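TrEMBL annotations:
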- R207, G263, I264, S265, G266, A267, I268, Q269, H270, N284: FAD binding site (BINDING)
- 3-189: domain 'Electron transfer flavoprotein alpha/beta-subunit N-terminal' (DOMAIN)
Amino acid sequence: MSVLVYTETDKGKFKKNAWEVASYAAALAEKLGTEAVAVAINPSDPGALGTYGISRVLEVSEPRLETFNARAAAAVVKQAASQAGATVIVVSSSADARFMAPILAGVLKAGYAPNVVGLPEQTDPIVVRRTVFSNKGFAHTQLDGTLGIIGVSNNAFGAVEKNGDATAEAFSPELPDSLFSTKSVSVDKATDKIAIADAEIVVSGGRGLKGPENWGMVEELAEVLGAATACSKPVSDMGWRPHSEHVGQTGKPVASNLYIAIGISGAIQHLAGVNASKVKVVINNDPEAPFFKAADYGVVGDAFEVVPELIEKLKEFKAENA
Ligand SMILES: Cc1cc2nc3c(=O)[nH]c(=O)nc-3n(C[C@H](O)[C@H](O)[C@H](O)COP(=O)(O)OP(=O)(O)OC[C@H]3O[C@@H](n4cnc5c(N)ncnc54)[C@H](O)[C@@H]3O)c2cc1C
């Protein structure tokens, strides 16, 4: 018996979500009185997972998997689960993991609970709390059967460092060529900016910013905070910002530790996609803007005065605490 975690890599480097799912798997293994084993594809430093509580890493070296392939990844994880004698498999909420996990659930005839926001409330059988209906509610889902797959929501658990060592074992799953018969498309990142999905802090702008020429201060605030930039739907519809920044019910979901909304009214469709964020701050000159009801902190004021002042104060704070 063990907990197996699928830790994702990008060009050999572990993705940020790998630390979070490894930490989750380690805590779950402790709860179940067993070990946490990771499977990683082409990792350059598998031992790094020891810092997050993993004791063993099944290291797959496979050039055909340099580009993500959901069916092949599912085959890897399936065979790793068998090798590790896993009763639970932990995956992230990345687009790749969301593509792979249902295939894995199908081939293993296992239950799959995505959007999980904490350790199981009950372990025999496993019952997890997960967000549903665009983060508007919670469901308590029971994983029946001998094997269950848990998809951990981004930033729901965090990365928890420990003083551990992980031993890496070469693992060579059988991957027939037929798994690679479909063409995989690889998308290079357009910029080196922090991706919304990986961001701990997101700075987002709405129609209140009047035009694309005013985004300099949003980008500067994001840079000072090490944040990703995002926007409301009308802003991307009008072409002020790229569609990749559109967040909300019909855009990207945000589950950051801090979400700063500038000149965004807080329409239900916007909030549906961002309310999984831990702390929400709104800057709006209308005290009646609905976002104030959903926010943890609010500044009633003109964004064109508040944001530059905030940037200045943050720069001062960083200089004093450097
Ligand atoms: C089916 C459907 C799906 C949708 N999906 C999404 C979605 O995924 N994401 C999304 O964002 N929207 C979505 N929408 C649109 C949504 O209903 C709202 O229209 C949209 O979120 C409003 O964007 P906004 O807050 O930027 O603009 P507005 O509603 O125009 O709000 C602008 C805000 O800026 C404030 N403001 C103005 N000037 C200043 C200033 N100088 N300083 C500070 N504040 C100022 C105003 O007080 C106002 O509150 C969807 C709508 C539908 C019907």
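Backbone N, Cα and C define each Cβ position, glycine as well.
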Which of I264, I268, the listed binding-site residues, has fewest other Cβ atoms within 10 Å: I268
Cβ-based isolation winner (fewest other Cβ atoms within 10 Å) among the binding-site residues R207, H270: R207
Where the record names R207, G263, I264, S265, G266, A267, I268, Q269, H270, N284 as binding FAD, the maximum Cα to Cα distance in Å: 18
Listed binding-site residues with Cβ under 6 Å from ligand 1, out of R207, I264, G266, I268, H270: R207, I264, H270
Protein Cβ atoms within 10 Å of G266 (FAD binding site), excluding its own: 21
